[in-house]
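Annotation source TrEMBL lists domain 'Histidine kinase/HSP90-like ATPase' at 429-523. The transmembrane segment annotation in TrEMBL covers 20-40, 46-61, 68-87, 93-113, 125-147, 167-185, 197-217, 223-242, 249-267, 279-299.
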Amino acid sequence: MQLQEMVMNTRRATGHPLAVAGIVTVSVACSQWASMLLWMPNPRSHMVWFPGAVLLGALLLQPRRHWWACLLGTAIGEAAAFGVLGVPPLAVTIAMLGSLVLTPAAAIALESLRSRLQSPLEDFRLLTAFVVLGGLALPMLSAAWIAFSIRGTVLEPYLSDWPNVTLAQSLGNLMLVPAVVWTAMRRRNAVPLDTSGTSIAVGAGLLVILCVLWTWHLPMQRLQPALVVAPVPFLIWAMVSFRAVGASLAMLAVGLLAMHFSVAGVGPFIRDDLATTTIAVQLWTVSLTVALLYMTVVVEQRATRTQALQHAHQRLQSMTVQLMRAQEDERSRIARDLHDGVNQSIASIAIRLSIARQHAQGGERELLGELQAAVTDVSEDVRRLSHELHPSLLRYTGLTMALRSLCEAQPAALRVHAELDELPELPLDVSTALYRIAQESLRNVEKHARASEVTVRLQRVGADIQLEIGDDGIGLDDQPHDAPRGLGLLSMRERAREIGGELRLVSGLHGGTRVIARVAGIASQANQRDDAWR
């Protein structure tokens, strides 16, 4: 559900169509000039071509009603970029016509795979479709149109090499489109990233080391295998620290560095001639980019599952707290009904039996006495049940007295030692949670531990309150599977967590089990309330 909301947010319009056209125009013009800077001096072959990638990224991020603005901005941006060089706008428009038609078709094909298009880095199937369409089919067809349409024009010396133009467009799409899409999604959906100073310093250091290794005068032929894989630590750092955004931007930076150094005549990709050097850089960058994209899918899926589990755990905790509160409210209501309703009715019956007994004769008098005693026992059981459901002592006498009463109410077969310190008045929710933990622990001791003695200890440890229930039973390892590791333990843990505490189960050195609940800082807060009251 969260991923669908992210996709829908990413697909919403980001402004007026004319503003979109203006942004695309500037982006296409700048990307075309950047591509020209990476042309080899001779035979002036392309390293990379970015304008088509800018268009594809814009189409994937904009709703279809704004696509015309993206196409218009692309045409104007290309005409402006080549116009600086004196190339006629008509020749540029004709050469770009293939991309202006084929790129929307590729975007529509990607959209058809799902009703709501995810980023190509969210799913293996979509990523494969993006690699095939954006990295293979679209560049091949666009380059074929360019080679056909520029014959006899001033662009023929620069763009007639079909394999070179194909690789340049493929490289631009694979490097730039993921970076554009994921950066936009991150800004709109606030994807959490590791932006700590340490992480950024590590990345900057790795990038500096890479630049030094590629430009230092080393024996390239001997060290070429190591220098070719030198960017891997930097790319892994970016992928782990910044997920898909970092991986795509890091790959873009590494690819641009490789192209820049190769144009300058340094680095591990230099070959005997410029054409071979260009192909070497292009093939290396394409291969590494595709491999990194598939690795990023694994990272993104793992991060998405982790976030989903965290959200599910938070919802489960919230529901558990709500359930326990509702349970406590229901217990209070039932306890009041038993005390004020049922027990009062039983008391009335006992009074009537006492009156009837006074007027009875012989055997009837004895029988009424037995009935009166039975009714009194029932009244006592109801009172005890009401107290277990919601101990009124907690509200009127505090946690210490309520725990003492709980210990005294245990079966005679279980010797209970109560070591209870006098504590300042605690919040009712804290007292109730600790009382329920003690109650559940004693119930588990009676049912599962096979213990003869149990110690209930309530004490103040610094600014904390600690409740400990220890027995001399069989211990955790020897208890049956239905013992307190089920719902009872979960309930106790959630009660402790609800009041800001923690609960631990510890096995004794000589057998037995200790349940330790500790609430941090609550004692000092209680003292402050007492001082304020005074």
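Even glycines carry a Cβ here, placed using N, Cα and C.
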Taken over the domain 'Histidine kinase/HSP90-like ATPase' (429-523), the model's mean pLDDT: 83
Contact check, the transmembrane segment (93-113) vs the transmembrane segment (167-185), 3+ Cβ pairs under 8 Å, seq sep 6+: no
Highest-contact recorded stretch vs the transmembrane segment (167-185), from 46-61, 197-217, 279-299, CB pairs under 8 Å: 46-61
Secondary structure content, the domain 'Histidine kinase/HSP90-like ATPase' (429-523) (per DSSP, counts of residues): 35 helix, 33 strand, 27 coil
